[in-house]
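Take a look at the structure set out below.
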Ligand code: RTP
Ligand code: MG
């Protein structure tokens, strides 16, 4: 995947709360182009695989239970400086600490149910995008 791309998921809390539309609107208004988008429900096993980097953390099981508790919307996005700019747009992991106007500040419920994911590096964006989408879907 080119380095001007990032990967995101609208998480189960935000999908259930009816915030998919407003969140996508803000993503596009911030200059990100949607390359790929779908709606899926993760199995517990898939959630564990996606968040394998956190396998030793105390919140891992709870995170996996949450991530497969309802539908999610994975997307691949394109913009110059995509990874960094998208992390700015979504705000801090804990919505209580997220800056005003960020997506997590506006739409997240809690530290765990924090509305949206954003890849933390170009390398992980490519890995995470390939987790959900085929090469053809990303072309
Ligand atoms: P993400 O990967 O989802 O974009 O979030 P992040 O980089 O801001 O945060 P990260 O440290 O990668 O954590 C992944 C997700 O795990 C949940 N979490 N729960 N209970 C807790 O202490 C805790 N800490 C993190 C959140 O859903 C977080 O986004
Ligand atoms: Mg992370």
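Cβ coordinates come from backbone N, Cα and C, glycine included.
TrEMBL labels come from automatic prediction, so no person has curated them.
Database features (TrEMBL):
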type     : residues                 : note
DOMAIN   : 3-139                    : domain 'Nucleoside diphosphate kinase-like'
BINDING  : 11, 59, 87, 93, 104, 114 : ATP binding site
ACT_SITE : 117                      : active site, pros-phosphohistidine intermediate
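Features recorded in TrEMBL, as mapped to the structure shown.
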residue: 11; record: ATP binding site; CB count, 10 Å: 26
residue: 59; record: ATP binding site; CB count, 10 Å: 12
residue: 87; record: ATP binding site; CB count, 10 Å: 15
residue: 93; record: ATP binding site; CB count, 10 Å: 13
residue: 104; record: ATP binding site; CB count, 10 Å: 24
residue: 114; record: ATP binding site; CB count, 10 Å: 23
residue: 117; record: active site, pros-phosphohistidine intermediate; CB count, 10 Å: 21
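Checked against ligand 1, the binding-site residues 11, 87, 114 give 114 as the ones with a Cβ under 6 Å from it, listed in sequence order. In this structure, the C-alpha atom of residue 87 (ATP binding site) lies 9 angstrom from that of residue 117 (active site, pros-phosphohistidine intermediate). Of all Cα pairs drawn from 11, 59, 87, 93, 104, 114, which the record names as binding ATP, the longest spans 21 Å.
Counting residue by residue with DSSP, the domain 'Nucleoside diphosphate kinase-like' (3-139) contains 61 helix, 22 strand, 54 coil.
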